[in-house]
Amino acid sequence: MDAKTFSSKNGMPDASVKYRPYPQIDISDRTWPSKTITEAPIWCSVDLRDGNQSLVNPMGHDRKARMFQLLLDMGFKEIEIGFPSASQTDFDFARWCVEEGRVPADVSLQVLVQCRPELITRTFKALEGAHRPIIHFYNSTSELQRRVVFGKDVHGIKQIAVDAAKMITDMAAKAGGGYRFEYSPESFTGTELEVALEICNAIIAEVKPTADNKLVLNLPSTVEMSTPNIYADQIEWMCRNIDNRENVIISLHPHNDRGTGIAATELGLMAGADRVEGTLFGNGERTGNVDIVTLALNMYTQGVDPKLDCTNIERIKAVYEYSNEMLIPERHPYVGELVYTAFSGSHQDAINKGMKAIRQANSPVWEVPYLPIDPQDVGRTYEAIIRINSQSGKGGIAYILQADYGINLPRNLQVEFREDIQRITDEEGVELPSKRIYQRFMERYVEQPGARLKFVDHHTYPAGTEHKGVRVVAAEITDRGETRRIEGKGTGPIDGFVNALSSYLEIEISVADYSEHSLQHGSNAAAIAYVEMEHPGGKLFGAGVNTNIVTASLEAIVSAANRVLDEKKA
Ligand SMILES: CC(=O)SCCNC(=O)CCNC(=O)[C@H](O)C(C)(C)COP(=O)(O)OP(=O)(O)OC[C@H]1O[C@@H](n2cnc3c(N)ncnc32)[C@H](O)[C@@H]1OP(=O)(O)O
Ligand SMILES: CC(C)C(=O)C(=O)O
Ligand SMILES: [Mg+2]
């Protein structure tokens, strides 16, 4: 088609000429909008077929077997293991599953086949000996494919499907039964609803499903062509109009061409579907199949048992990446590397407060701002929840020091230290890992390499009977490496030592705030003391770490004094 033949808007060919809007469904009394999902559907993984057929390098035996074992471990009861009539690899894998796959009795192997006699015959061979396998047959029914691929009218297309249904049910009966059946009017979303219904009812009439052997009627959104509400309308319409509904399992098989596969599936379930076909993290043709892990965890976070084990999401990811030879993006729901991480200040602050509140409340209900799921439920840790870059605030920095190093910064120190970290992240333009934040804190407030003053020792003695309750603090410090003895009076060691230092340095300093706590991390018995020091230029903090809490406090005073001296110099 020549784009120049019609007018162009915004540099693109005119959409109103090139594309047609998807028609509305005639169902004004739809009920799905007021439904909720209250139980998990029957899940069927199509990773080994739809997922596999879309890969650059389709899976060989090892990659398939690793994926198959994972699917069993997660609790899938229906697994489409391939298209055995299409390739020797798929045929051999089906035989391996039957003979060596240790398939539990409650799991059905499923295979796909076109409505072509020679392929159907080979499919039965591939499944010999399987326990209640599902033969999934399909043909495309869409208006477009009828016209351009098959060159047949509705009657001709229906005949292809009915002939296959007859052949399959006959072969199953000859083999002594024990088979289950699934039919897909492929390209359902490109098929007029009345046509889809006519063909599906013809299949139901041929297969004659019963309560003991229901037919799976799979209504694929082979290509996602509309907003998800329209798919839901189509599903509700089919559920209402299909023959023998009680013996038919309505299955969804959404693809994700418009990026709304999850929404379409959820609305489709509200519209009455019983079953969902999809893949782990949504591998599949083009933009993929619907992502079953996300669907399951969406249900889980609404209080519904998803009936799939996603407790080790890292293993699911590892197998996905090994078997599909693809990587999962950082933002992928529930599993991406960054989905449990907040860089931005206000998010970090809220998470920090939420985590504290949940610890204190001792309630089983999860409610932490910005975290729709507890990362531990899927085997992720809290470690990566907060990471620091130039968008981060004091709450995040405080969280990291607390969570990773047991350091509980007083609020004013959080504000002060955040400015320092902000300067570094702005300069470097990259994330600052937890270890560097800790190192920076220790260097700036505790270790102070190259600082003028160092605390060495102290002792106290009563100031004399005329000064009741007052003690003299006699301390040894070094000043640029030279030992100095200083003395000051006060009501306690902190007070006396500040006075001593104030006289020695000839600077007005006093303690505006003081706090301390023990350190759980690092040296077990150590304590950390924080001193906020008032001086002629304002207020600033110092910190000291020592196994003796008084020593830690005096070190914190020296630390603050060094910073006052630095500020004076600057
Ligand atoms: C939406 C989906 O995911 S559907 C599943 C798609 N998956 C795959 O195709 C993967 C495996 N498939 C294959 O390896 C091959 O297609 C095979 C081996 C099954 C068949 O291969 P071939 O016969 O060589 O060729 P090809 O696939 O091109 O067949 C197309 C022919 O089958 C017909 N056909 C296609 N689908 C069907 C169907 N479901 N039922 C009946 N006939 C069909 C076409 O009309 C076409 O007929 P024509 O030869 O008369 O023009
Ligand atoms: C074979 C069918 C179910 C399919 O994969 C699709 O329509 O997407
Ligand atoms: Mg598909």
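Glycine residues also receive a Cβ, built from the backbone N, Cα and C atoms like all the rest.
Matching Asn229, Asn241, Asn244, Asn289 to the Mg(2+) binding residues that TrEMBL gives (Asp50, His253, His255) identifies Asn289.
The Cβ centroid of Asp50, His253, His255, Asn289 marks the Mg(2+) site; residues of that chain outside this set whose Cβ lies within 8 Å of it are Val46, Pro220, Ser221, Thr222, Pro254, Glu277, Gly278, Thr279, Gly284, Glu285, Gly288, Val290, given in sequence order. Counting other C-beta atoms within 10 Å of each candidate's C-beta, the binding-site residues His253, His255 are led by His253. Neighbour density for Asn289 (Mg(2+) binding site): within 10 A of its CB lie 31 other CB atoms from the protein chains shown. Closeness to ligand 2 is met by Asp50, His253, these being the binding-site residues among Asp50, His253, Asn289 whose Cβ falls under 6 Å from the molecule. In the three-state DSSP assignment, the secondary structure recorded for Asp50 (Mg(2+) binding site) is helix.
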